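For reference, TrEMBL has these:
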DOMAIN    40-337  domain 'Sugar phosphate transporter'
TRANSMEM  41-62  transmembrane segment
TRANSMEM  74-92  transmembrane segment
TRANSMEM  113-130  transmembrane segment
TRANSMEM  142-161  transmembrane segment
TRANSMEM  168-185  transmembrane segment
TRANSMEM  197-215  transmembrane segment
TRANSMEM  236-258  transmembrane segment
TRANSMEM  264-285  transmembrane segment
């Protein structure tokens, strides 16, 4: 169990730091034939794309569908957290009752651990809530651009909180991302589809995503480096913290008066949204495991591009050349940042270190 937890911790660390595990990749490549490994990678990447894109379109339906007319974004987010927490507990119980069937840690609610994770949970609530609020007020096509400042906040917060400097080339890619963001906002305004509220929520979501990565590294030791334990505690804390928000924002009366409250279709779609929310964490870790953090970031950028095209086609929208240019600037800048960071980390790893025999000769 400890080895599995350490392995998950290592995968998360590589994802946050933008480095890969060459030893693990080399070992895996020697163990399996190339064709089988290529097929596995294709299946995992496809699973990540389908899960992520489906979750975005489903959440858009739940948050802003004319046919559904449900104006309770906090309750939708709360229910998805509840489903995720119950799934984690269910899988943990299944792994305990049937050992060997799956690799899942034992989950027991420890109030001391829950309190130690509380600061991260607050950031986590902000991240998922602002993500859903952004999606509620902006179109799926603009959703990627609206939340595109995560990389910029990563650089800014790394300097302010961790005192880590960033290279000139990485800063240049951030400038491209910012330019694409402002061009996208300008073009949305020119087309009369801009929502300043949705754009603000997108910026706040980007900030919370960056803070979430930083705080995750700090609290992982409290859950023995287990991503699933962290997911469980985060979602349990979120469910508790969402309850007063539901009362303060008046969503419970709105939910009580909702015409489709007793509809099986409505609860089925809500539960499916929770399942996708749970699955995205799993398939993200799976994609990193079978490829590398660098490949995962490139795949995420390509997925965002495909998602934008699908949204424009599905909603039958017409976009200008400059609107598409803003998307290309955001996606290109994000890809360039990923490549620059990967190149810099590889360069650091390949730097020669002083040899032990040279040190001993100097001492003699």
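Glycine is no exception: its Cβ is also placed from the backbone N, Cα and C atoms.
Just so you know, TrEMBL annotations never went through curation; they're auto-generated.
Counted over residue pairs separated by six or more positions, the transmembrane segment (74-92) shares at least 3 Cβ pairs under 8 angstroms with the transmembrane segment (236-258), which defines the two as touching. At the 8 Å Cβ cutoff, the transmembrane segment (236-258) and the transmembrane segment (113-130) share at least 3 close pairs (sequence separation 6 or more) and count as touching. Two recorded stretches are said to be in contact when at least 3 C-beta pairs lie under 8 angstroms, sequence spacing 6 or more; the transmembrane segment (41-62) and the transmembrane segment (264-285) meet this definition. Beyond the transmembrane segment (113-130), the same-chain residues lying 6 or more positions past its ends with a Cβ under 8 Å from any Cβ of the stretch are 73-74, 77, 80-81, 201-202, 204-205, 208-209, 211-212, 215-216, 218-219, 222-223, 230, 233-234, 236-238, 241-242. Counting residues 6+ beyond its ends, the transmembrane segment (264-285) has Cβ neighbours under 8 Å at 8, 11-12, 15, 44, 47-48, 51-52, 54-55, 58-59, 61-62, 68, 70, 76, 79-84, 87-88, 227, 231, 296 in the same chain. Across the domain 'Sugar phosphate transporter' (40-337), mean pLDDT in this model comes to 91.
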